Amino acid sequence: MKYTVITIFPQLIEDYFQEGILSRALRNKQVGLKTINPRKFTKDRHQTVDDIPYGGGAGLVMKIEPLVKAIKSAARSRFRHSELVSESSSKTEKILKQVQDDGKKVRIILLDPRGKRFTQKEAKRLTKYDELIFVCGRYEGVDERIKYYIDEKLSIGDFVLMGGELGALTIMESVARLIPGVLHHPESAKFESFSFGDNLEHPQYTRPEVFEGHKVPKVLLSGHHGKVEEWRVKNGKNKRGI
């Protein structure tokens, strides 16, 4: 799995991959990472990637030109024939998405509050691709014409962040955990929360057996695998809170 992240803060993404399981997956080449800064595709000395919105309003909007150039640099084979089609053509979106990426399955994703809610089911779906390209917005959002150059929009929840980077990192980590070999114990991904619909994983305990008067449930100490499994199923169904 290759990850490409289009962001004006590439260091934020790269630093996250320097620790933990993602760092190991990167070293073992189970995942690949590339960042692209859209500022590199600007023409002015200030490397401007934002501008005031048409129609007025507060804040700034990310400009379409540097973002699209960054996307095209990330998915060159998909867009190599796009210059033959006018961007104003009604066929543009269909044609761009029909062009194959040299046989690779590539998905271009915009992190957007209006996007489809990201879930564990979506994480499993995304593992089917060879490369995921994430477009991270900032400011008040991205010029809406970006929709002609992406495959889908995803959101990690009904709240607003400063940009799409944390959403992209969330999705990348969630997907990476499902890639064979990334986790030392495959069952960790198989039986965890949300792996079976909306069910949550059962509570976990480790040593010591008693801590400040709080005891581990007796059934977990019984050695009776059937009763342990029954307890786990009972205590792992849609239970939230403390």
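Every residue, even glycine, has its Cβ placed from backbone N, Cα and C.
In TrEMBL, annotation is done automatically, which means it is predicted and not curated.
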Of GLY137, GLY181, which does TrEMBL put in the S-adenosyl-L-methionine site with ILE156, GLY157, ASP158, PHE159, VAL160, LEU161?
GLY137
Residues that sit under 8 angstroms from ILE156 (S-adenosyl-L-methionine binding site) by C-beta distance, when 6+ apart in the chain:
LEU111, ARG117, PHE118, LEU166, GLY167, THR170, ILE171
I'd like to know the mean pLDDT over the domain 'tRNA methyltransferase TRMD/TRM10-type' (1-238).
89
Using DSSP reduced to three states, classify GLY157 (S-adenosyl-L-methionine binding site) as helix, strand or coil.
coil
